[in-house]
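Student: Got a structure for you, written out below as C-alpha cells; questions coming shortly.
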Amino acid sequence: MTTTGRPVRRHRTGRVLLPSVVVALLVAAGTPALAGPVPPTAAGCPGQEQPPGPPAVEETAAVPPLPVPDPAVGGLAVCTEAHAGATPPPPVGVASYLVADLDSGAVLAARAPHARQRPASTIKLLLALVVEDLLPPDRVVVGTAEDGAVDGSRAGIGPGGRYTVEQLLHGLLLASGNDAAHALARELGGEPATLAAMQDTARRLGALDTRPATPSGLDGPGMSSSAYDLALILRAALERPRIATALLTPSIPFPGFADRPGFELGNDDRLLGTPGFLGGKNGFTDAARHTFVGATERDGRRVVVALLRGEPQPVRMADQATALLDWGVTAPAEGIGTLVEPGSVRPESPADPDAPADRAEGTAPVAPAGPGVPAAAVAGGVAAAVGLGAALLAVLLRRRRS
C-alpha cells in the first residue's frame, strides 16, 4: 500500500532473472503442457464468458456475462496453449498469458488469451486513456476525504490538497493509487460516467472481453478483461506520450495536504530500469490474484506480454514476465493470431479482421448467452445492464488492495 511520505523505491538495473533459471524453476514446479496452434473456431473455451470462482465479496450481485465474439477477436480461439515456431516459450504460473509483437501485431504465444479474468490494477491503463482524452493535464483537482478513504493502494491524496491532472495520472500509474483513480473519476463526472467512457474506449480498441466495474481495478460485479485485451490497452497507452513517459518515471514530487508536507512519489514497477523496458502495470486483489502487462524493445523489436491470474511461485511475477519478454524478442516473426487495430472490430461485427466479407454482412457474429437467445438481443441487453447496473452497484462495493 502506498502512503504519504514513503521513501522512493530503488529498482534493479539488470535483467531480473536469467530466462534459463526461470524455466528450470517453473518446470520443476509443474506447468501445463504446450499445445500446437489451434485454428479459429466458434467460442467454447472454458472461462470464456466470465472469470472463475470463487467470486469476490463485491460480486454478490449477478451481472449477465458479456457476449462472446465468434469467431474470436484476432483469430485467437486458443483454449489451452499455442506458440509460433519450434521453440516453446518458458512455462509460467498463470492461468492466461499472451506474447505479441507490438509493431506487426503478430501474437507469438498465448494461453487462453480470451479467457475472462479479473484484471485488478492493470485496468488503470484504460482509465489513463480516458483521462488523456477528456481532461487537460494542467487542470487542478482538490482532494476530498472520500478520495483518501478508498480501499487498497494509495498515492497519498488528502482533503484540501491541490493536484493537477498530470500529478494524479502519475499517482495512478506509479503508485497504483486508488485514491488517484477516485479523484480522476470524480473529475470525469462520477464513477458511472467514467466506467461508461472506459467501456467505450475498450470497445473502440477491440477489447471485447473487458468490462470495468471500478475505475481502480478493485473487484466489482461483472469486472473482467483478458490477456489479449490488456495487450491492446497497453499498446494504445504506449502511443500516448504522457502515459508512456509516466510509466517510465522513477519518481516525482507529490503535493501534501493540510499540515502534511509534500513528498517524493516512487514507481512500484519491478521491471523499471531493465534494459529496453517500455513500461507496464501490475495488479493484485484476492480474487484476481497477480496480474501484469508490460513491454520491452530490443534490437529494434517491441514485444508486449500480459499475464493474468498468476502466482509468484516459484519465482516472482516480474521474473516470469521477463522470461516471456526474453523469449518474445527472439521468437519467429510469424504469429498464431493478430492484435487488431483500433476501430477495426465492432461488437456487432465478426471479431476476426480477416473474416470473409459475406460473413461481415451476414450472420450474427456474437455467440448467444443461452439457447434460443438472439445475439442482437443479448448484446443490447448487456449494454444496458453494463451502462447502469454494474456501474452503480460497483459504487457500493469495494475490495481489498488493487
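A Cβ is built for glycine as well, from the same backbone N, Cα and C atoms used for every other residue.
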Student: TrEMBL lists region 'Disordered' for one of the ranges 39-66, 263-290; which is that range?
Tutor: 39-66
Student: Around K281 (substrate binding site), how many other CB atoms lie within 10 A of its CB?
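Tutor: Total other Cβ atoms inside 10 Å, all chains included: 27.
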Student: Check S176 (active site) against DSSP and tell me helix, strand or coil, would you?
Tutor: coil
Student: State the Cα to Cα distance, in Å, between S176 (active site) and K281 (substrate binding site), rounded to an integer.
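Tutor: On Cα coordinates alone, these residues lie 8 Å apart.
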Student: Which whole-number value in Å describes the distance between the Cα atoms of K281 (substrate binding site) and K124 (active site, proton acceptor)?
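Tutor: Each residue's Cα considered, K281 (substrate binding site) and K124 (active site, proton acceptor) end up 8 Å apart.
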